[in-house]
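Undergrad: Have a look at this one before I ask anything.
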Amino acid sequence: MKSAEIARRFLAFFEKNGHTVVPSASLIAEDPTLLLVNAGMVPFKPYFLGQRTPPYPRATSVQKCVRTIDIDEVGKTTRHASFFQMLGNFSFGDYFKEKAIPLAWELLTTSVADGGFGFDPERLWVTVYLDDDEAATIWREKVGLPEERIQRRGKADNFWSMGVPGPCGPCSEIYFDRGPEYGAEGGPVADEDRYLEVWNLVFMQFERGEGSGKEDYPILGELPSKNIDTGMGLERMAAILQGVDNIYETDTLGRILRRAAELTGTTYGENERADVSLRVIADHVRTATMLVADGVRPGNEKRGYVLRRILRRSIRNLRLLSGDESFHMHDLTAVAIDAMGDQYPELRADADKIHSIIDAEEKNFADTLRAGTTLFNRAVRRTKETGGTVFSGADAFQLHDTYGFPIDLTLEMAAEHGLKVDEETFHQLMQRQRETAKRDAQAKKLGNADISVYGNLLETGGPTEFLGYTDSESEARVLGIIVNGESTGAARKGDQVELVLDRTPFYAESGGQLADKGTITVDGRGVVDVEDVQKPIQGLFVHRGTVREGEVVVDDTVHAAIDTGRRASVSRSHSATHLIHSALRNTLGPSAGQAGSENQPGRLRFDFTSDKPLDATEIAQVEEEVNEVLARNIEVQYLETTLDEALRMGALAMFGEKYGNRVRVVDMTEYSRELCGGTHVAATGQLGLVKVLGESSVGSGVRRVEALVGLDALRRVSTESALVGQLSEQLKAPREELPQRIDSLVSRLRAAEKEIERLRAAQVLQAAGKLAESARDHGNSRVVTHRVEDGTTADDMRKLALDVRGRLGEDRPAVVAIAGVPSDRPVVVVAINKEAQQAGLKAGELVGVAARALGGGGGGRPDIAQGGGSDVTAIDTALRLVEQRVAGS
């Protein structure tokens with residue numbers, strides 16, 4: 001029974017029994033405390049907690065889940081998987097144990113012909129909570145299960161709780177006896193390898209109190225309404241019903257695993273190390289496909305990092321098995337989409353998008369590996385040469401900091417060389433870097449003063465009242481003066497000063513908007529030029545500048561005035577940022593979320609999440625859409641409301657940003673609506689013009705758009721027009737023909753480069769004749785081994801091997817082994833003729849001998865194969881081992 005059919009039968013059975021079928025929720029959890037949905041009941045959690053009224057009394061679903069806690073264990077056993085599907089039925093105060101237990105039994109034991117799963121009742125066991133006599137009685141008297149197949153367990157195994165405090169209750173688990181060949185008799189309490197859990201029925205009837213661990217907490221009392229939450233793992237159920245040993249042999253994971261084996265020239269079940277890699281690949285490719293389909297994008301934080309990590313683990317295991325730098329993820333993703341597509345048709349509909357994102361990450365990681373592996377290999381050699389067994393924490397940090405190697409990748413690679421990593425030093429260096437970055441960020445906010453200085457001013461004078469949304473100047477009272485990091489009563493001409501006022505029109509730098517500049521004037525006595533405004537602690541505005549003339553004293557009444565021209569220019573940039581954000585989301589989809597911004601006078605930059613660059617058409621589309629909104633002169637409106645109400649209105653919030661209960665919404669009449677505390681124009685037409693300069697990468701999965709606004713944009717358009725005119729004159733072509741003229745020049749350049757490449761390859765192949773003449777005899781066989789110059793491509797190595805093999809003829813067995821370092825990893829190619837194959841030699845086996853010496857693997861056809869590894873110092877040894885194998889055959 002296929003996995004899709006198991007899911008269909010489950011839903012159909014419960015729908016027939018009065019349950020509403022609820023589609024799987026996205027893997028991106030609504031619950032802010034969860035990174036990803038990790039259990040079937042997560043979408044229903046608000047109903048169980050009483051936060052929302054359920055729209056139905058009964059529900060059933062097949063929920064997509066990702067568990068991140070044991071990703072490192074995936075592949076090492078056949079039980080662990082990062083993605084799984086949970087079949088469940090739920091009751092919200094409707095039925096309880098008396099119905100949940102018989103329903104489960106009915107579905108399991110009803111024949112396949114009648115819509116059930118056809119389990120033999122004699123092979124089913126159950127466990128109940130130690131004191132749950134009610135459940136035991138239902139199993140015994142209503143279902144008819146013999147007493148000896150009902151086992152009792154304690155709180156740690158058969159009592160479930162949601163949170164602290166929160167609903168909890170006993171559970172009853174149903175197990176399938178796989179037979180004596182899998183272990184000892186005695187039921188689940190004796191052997192959970194033989195007795196597999198297939199279904200867990202949770203009876204939520206109590207509320208728990210504070211306490212640690214699975215057992216040490218009090219029961220506060222019974223819930224007003226009792227609920228049912230059940231969970232059946234689809235993958236495990238599929239393994240049982242399909243008659244296979246484990247989930248990696250089922251119709252979904254098994255397909256991906258078999259294709260991975262084909263692509264890498266390996267056979268599942270022959271080598272445990274290779275089997276682990278194949279299981280990692282199968283699981284992680286499926287998980288990545290499902291995450292991308294639900295809108296997760298590779299990144300360096302939170303769920304984006306989970307996706308990046310599993311993608312990189314699968315890519316690296318693919319390369320370990322294949323021994324080369326081939327790109328296989330596209331092929332495997334296609335298999336995953338097809339394997340899961342019957343259950344989730346959206347995978348096929350979004351196939352192009354899924355491929356694009358995963359392919360881009362594979363390419364990015366290939367570049368990362370290529371750049372960092374040389375340093376890694378050098379560090380490994382240095383460690384081993386000194387007799388060490390621990391990979392340097394400093395080297396691990398450099399790999400992370402310079403090449404983007406996550407620590408888990410370094411741990412895996414080091415373990416393959418029999419080394420541990422000095423994680424303590426690595427984490428110390430990471431912490432030092434974080435502290436340095438934090439100090440640098442705080443230095444701007446704190447200036448020369450200690451945080452306590454600002455704390456005292458806030459405590460005595462209260463928070464600063466911000467008037468800048470409506471006023472560009474105001475009267476204010478000086479609450480505090482700081483010079484050289486110390487509070488003082490006065491500041492005089494020439495002093496670098498920090499002023500704290502009771503109220504201010506000055507905007508303090510925040511939300512990507514630069515601070516206002518201007519003047520603070522003491523009537524008839526002094527002037528301070530304000531160059532920066534910061535909020536070192538929440539609520540306190542600190543004006544930094546220089547006393548230009550006279551003096552300023554605590555308790556002075558001053559006149560604070562901002563530079564209105566600068567404010568207007570910065571406000572135009574900030575409003576343009578909102579418009580660009582909306583245009584990007586309209587062009588790329590909602591995954592193009594804000595990752596950062598900076599709004600300067602006449603100029604802005606906007607960072608957003610995306611896995612691929614914007615092409616010229618997309619940039620033009622964004623620019624045109626923004627300027628069309630400017631032409632409509634949309635009024636910009638502002639609203640202060642609660643966070644919940646703002647989100648209900650559809651206002652965008654920046655992920656990870658901390659908001660108070662009261663927030664400010666900047667609304668550009670349906671086109672753009674965001675939470676924002678910055679300053680903006682009154683209507684979009686005031687921006688004048690927005691010119692997008694281009695886009696670039698600022699990190700993996702994050703792109704940056706830069707743009708000019710207003711007069712700065714107009715000046716750039718004029719400059720570019722003049723530049724086009726100059727090019728037209730130099731290339732002797734009208735403006736409209738410039739693209740064709742430039743294309744022609746580029747084509748000629750590329751043709752010249754190809755000719756250079758052809759000549760270089762020919763130079764490599766010139767050695768073929770001499771190599772054939774240097775063949776060494778081993779019995780009736782001839783062998784040629786040769787190391788090419790570093791930088792010779794793997795393709796040229798294959799051509800050379802085939803050329804030499806052809807020159808050796810077919811009159812007797814001939815073996816050619818060519819090795820080199822195309823970039824930073826060693827590669828070996830073995831080509832043999834038909835006579836050698838008839839003599840029992842196989843190119844794949846010979847490559848395997850060499851690749852293992854290099855610390856990797858490989859495969860290919862019987863007549864030619866390619867492999868590789870990570871140890872460039874072992875190339876000569878690898879070639880010698882190939883020759884020895886031929887000599888001994």
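Easy rule for this one: first residue shown is 1, then count along the chain.
A Cβ is built for glycine as well, from the same backbone N, Cα and C atoms used for every other residue.
Features from Swiss-Prot:
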{"type": "BINDING", "residues": "His574, His578, Cys676, His680", "note": "Zn(2+) binding site"}
Undergrad: What are the other residues, in sequence order, whose C-beta lies within 8 angstroms of the center of the C-beta atoms of His574, His578, Cys676, His680 at the Zn(2+) site?
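TA: Other same-chain residues near the Zn(2+) site: Gln513, Ser571, Ser575, Thr577, Val636, Val666, Glu674, Gly678, Thr679.
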Undergrad: With an 8 Å cut-off on Cβ-Cβ distance and a minimum sequence separation of at least 6, pull the same-chain contacts of Cys676 (Zn(2+) binding site), or say none.
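TA: In sequence order, Gly511, His574, His578, Arg664, Val665, Val666 meet the Cβ cut-off.
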Undergrad: Long-range neighbours only, meaning 6 or more apart in sequence with Cβ under 8 Å: which ones does His680 (Zn(2+) binding site) have?
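TA: In sequence order, the residues whose Cβ lies under 8 Å from that of His680 (Zn(2+) binding site) (at least 6 apart) are Ser571, His574, Ser575, His578, Val636, Tyr638, Val666.
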Undergrad: Ten-angstrom check, please: count other Cβ atoms within 10 Å of the Cβ of His578 (Zn(2+) binding site), all chains counted.
TA: 27
Undergrad: Going by DSSP, give the three-state secondary structure for His578 (Zn(2+) binding site).
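TA: The residue in question, His578 (Zn(2+) binding site), is helix (DSSP, three-state).
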Undergrad: What is the total of other Cβ atoms whose distance to the Cβ of His574 (Zn(2+) binding site) is within 10 Å?
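TA: For His574 (Zn(2+) binding site), the 10 Å Cβ neighbour count is 26.
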